Amino acid sequence: MDVTSQARGVGLEMYPGTAQPAAPNTTSPELNLSHPLLGTALANGTGELSEHQQYVIGLFLSCLYTIFLFPIGFVGNILILVVNISFREKMTIPDLYFINLAVADLILVADSLIEVFNLHERYYDIAVLCTFMSLFLQVNMYSSVFFLTWMSFDRYIALARAMRCSLFRTKHHARLSCGLIWMASVSATLVPFTAVHLQHTDEACFCFADVREVQWLEVTLGFIVPFAIIGLCYSLIVRVLVRAHRHRGLRPRRQKALRMILAVVLVFFVCWLPENVFISVHLLQRTQPGAAPCKQSFRHAHPLTGHIVNLAAFSNSCLNPLIYSFLGETFRDKLRLYIEQKTNLPALNRFCHAALKAVIPDSTEQSDVRFSSAV
């Protein structure tokens, strides 16, 4: 039953003698402006929107994403890779993690171009393309969240166990950790895919994205468990900072070192939360008995909502390089030196130096650079 119609019916019964209104016009502006917002939040409200209206809204959001976020994500992640590789002799342990994170984000940003033009979720109609896109997205999604989780743990080790972690926090161990994270991301995707594919070999319309067991794994392993670990790490870090309150000379430097990682994690949480809520709502709904397998896809039932949450998830990969550039003091210094080496225009060099320094005052202070590189 329509929530809006039910509410109006209750209101009329409270006032006897009120004439019954005419049948509601499903194309009235009032319904179309108010109801979709509620429906999008509940992943259940695009029923009153016509196909044309859903297309217009999706096209508008896709244009905003393509104009404002996609260039930042594509150029920014490439810039992170180029600058850090150019200064590989000065590469720190956090730089290794951010390079791998930039690789995963760059792949997701490139993949987002398909989603931007997939306004009707049409590629979910093709089983092979649907499965390929789901595998491609999950591998890089897992790698992003796993890298963020490991970076939070590494940050806690660097701050809380600074004197005892010199043997553990080495570049060799960092490279080994990156390799294991990529292997874990691929395994978390391919192992469930192999298992469920053997069970659905006879289904012509089988898509990896529609398997409920895979969706439960994505929500738990790709969102709930990692952020529980991240929350624990940051709670321990806060306790360390509180204990170091009397060391006023170290506290500002440590807060600057934490600001970048904390911002990246918060942006990831905000961007990926709608996607996981959308999937969770679908998982909590009971499957209709006798429904055709191809028609049970929640993205078929709610294409506009699925499009919105996908764009929100892709936005994380676009915002990560922006946060990294603005809050990473070591990276800004490398970027300034890279521009000076590659250009012979003194005016441009002075402008870039002033712009990078204006982001956070005293960002080029040598003591802060040494501290940021150390952690």
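Keep in mind that glycine also has a Cβ here, set from the backbone N, Cα and C atoms.
Source: prediction; values computed, not measured.
Summarising the annotation, Swiss-Prot assigns disulfide bond to Cys130-Cys207 and lists sequence analysis as the type of evidence. Taken from Swiss-Prot, the feature N-linked glycosylation site applies to Asn25, Asn32, Asn44, supported by sequence analysis. Look at Swiss-Prot and you will find Met1 tagged as N-acetylmethionine. Here Swiss-Prot flags 1-62, 121-132, 195-220, 281-306 as topological domain 'Extracellular'. Swiss-Prot lists 85-96, 154-175, 237-259, 328-375 with the feature topological domain 'Cytoplasmic', giving sequence analysis as the kind of evidence. Feature annotation from Swiss-Prot assigns transmembrane segment to 63-84, 97-120, 133-153, 176-194, 221-236, 260-280, 307-327.
Counting residues of the topological domain 'Cytoplasmic' (85-96) by DSSP class, helix then strand then coil, yields 9 helix, 0 strand, 3 coil. Of all Cβ atoms in the protein chains displayed, 22 besides its own lie within 10 Å of the Cβ of Cys130 (disulfide bond). Here the transmembrane segment (176-194) has long-range neighbours at 96-97, 100, 131, 135, 138-140, 142-143, 146-147, 150, 208, 211, 213-214, 217, 221-222, meaning same-chain residues at least 6 beyond its ends whose C-beta is under 8 angstroms from one of its own. Sequence-distant neighbours of the transmembrane segment (63-84) (same chain, 6+ residues past either end, Cβ-Cβ under 8 Å): 91, 95, 98-99, 102-103, 105-106, 109-110, 112-113, 116, 311, 314-315, 317-322, 324-325, 331, 334-335, 338. If one looks beyond the topological domain 'Cytoplasmic' (85-96) by at least 6 residues along the same chain, the residues whose Cβ comes under 8 Å of a Cβ in the stretch are 151, 154, 169-171, 174-175, 178, 330-331, 334, 337-338, 373, 375. DSSP assigns Cys130 (disulfide bond) to a helical segment in the three-state reduction.
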